[in-house]
Amino acid sequence: MPMQGAQKRLLGSLNSTPTATPNLGLAANHTGAPCLEVSIPDGLFLSLGLVSLVENVLVVAAIAKNRNLHSPMYCFICCLALSDLLVSSSNMLETAVILLLEAGALATRASVVQQLQNTIDVLTCSSMLCSLCFLGAIAVDRHVSIFYALRYHSIMTLARARRAIAAIWVASVLSSTLFIAYCDHAXVLLCLVVFFLAMLVLMAVLYVHMLARACQHAQGITRLHQRQPPAHQGFGFRGAATLTILLGIFFLCWGPFFLHLTLVVLCPQHLTCSCIFKNFKVFLTLIICSTIIDPLIYAFRSQELRRTLKELLLCSW
């Protein structure tokens, strides 16, 4: 029936497995074990998506307007904003369609709903993969700018950045299409989990390496000017705190989603895992929160971008 197809959450194959879903309620009744399920109101979900949408549209518009921001680093930031924009808009679209179908305001055939769901699935999955890839690309770009400062402009040329961006988008779309087509295979889910862990390790290694170099540089300046050691220690603490926040937000926002995928493979019928599966929308909400935080970390800290954004907003008035 159309409503049955419409009520499936986007990436429904990740939310639960065909064998485990029908028995969740019965298993809980037999054991009497309470199952914690956090309910995310659709209004809150849509509001967070709208905030993310506005933020990332502003980032893309500001970078597109200012030619001084057409550098490899800002190209990666722009693509991160674009992929985050697609993550939030695709989830908003899915939620809006489900609400309209449930309210009877949108009537359509089951085949049309299924095609729409498959399209949104591919869009959501590819945009998530792109977001992870561009977070890694930004880390690589910053690492090159610090450790190869004199050769940075010859290494990170605009042409190479564009080729890397094109490769990321094409690879993400193709891999997400394969993922949706073979989402019932455990190997596909494990590949996604391994990819997330690889991005996490890559970012951690690069940023820790950059922090170590920054601390060495600060220590050298301290010795040169014969200042007290606590100044260097304070810089190290601030850098460590910044690094902890950056990686912590990444892990907290994306980790639960990929933990969910891991549990789908390892324990699809276990009662505890089934309880976790019920909180799938919470994990999507955390990813939406990540798309809200990304512009604050990577884009709005730039004085040039903030100035361009201010000009855009003033011109619009």
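From the backbone N, Cα and C atoms, a Cβ is placed for every residue, glycine too.
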Taking the topological domains recorded in Swiss-Prot, do ALA64 and ALA161 share a side of the membrane?
yes
Beyond the flanks of the topological domain 'Cytoplasmic' (301-317) by 6 or more, those residues with Cβ under 8 Å of it:
58-59, 61-63, 65-66, 68-69, 74
With the transmembrane segment (192-211) as the reference, which stretch in 73-93, 119-140, 164-183, 241-266, 280-300 has the largest tally of C-beta pairs below 8 Å?
241-266
Can we call the transmembrane segment (164-183) and the transmembrane segment (280-300) in contact, meaning three or more C-beta pairs below 8 angstroms at a sequence separation of 6+?
no
Where DSSP helix means H, G or I and strand means E or B, what are the helix, strand and coil counts for the topological domain 'Cytoplasmic' (301-317)?
14 helix, 0 strand, 3 coil
Beyond the flanks of the transmembrane segment (280-300) by at least 6 residues, Cβ under 8 Å:
9-11, 14-16, 38, 40, 44-45, 48-49, 51-52, 55-56, 58-59, 62, 77, 80-81, 84-85, 87-88, 91, 128, 131, 135, 138, 246, 249-250, 252-254, 256-257, 260, 306, 309
Taking the Cβ of CYS315 (S-palmitoyl cysteine) as centre, how many other Cβ atoms lie within 10 Å?
8
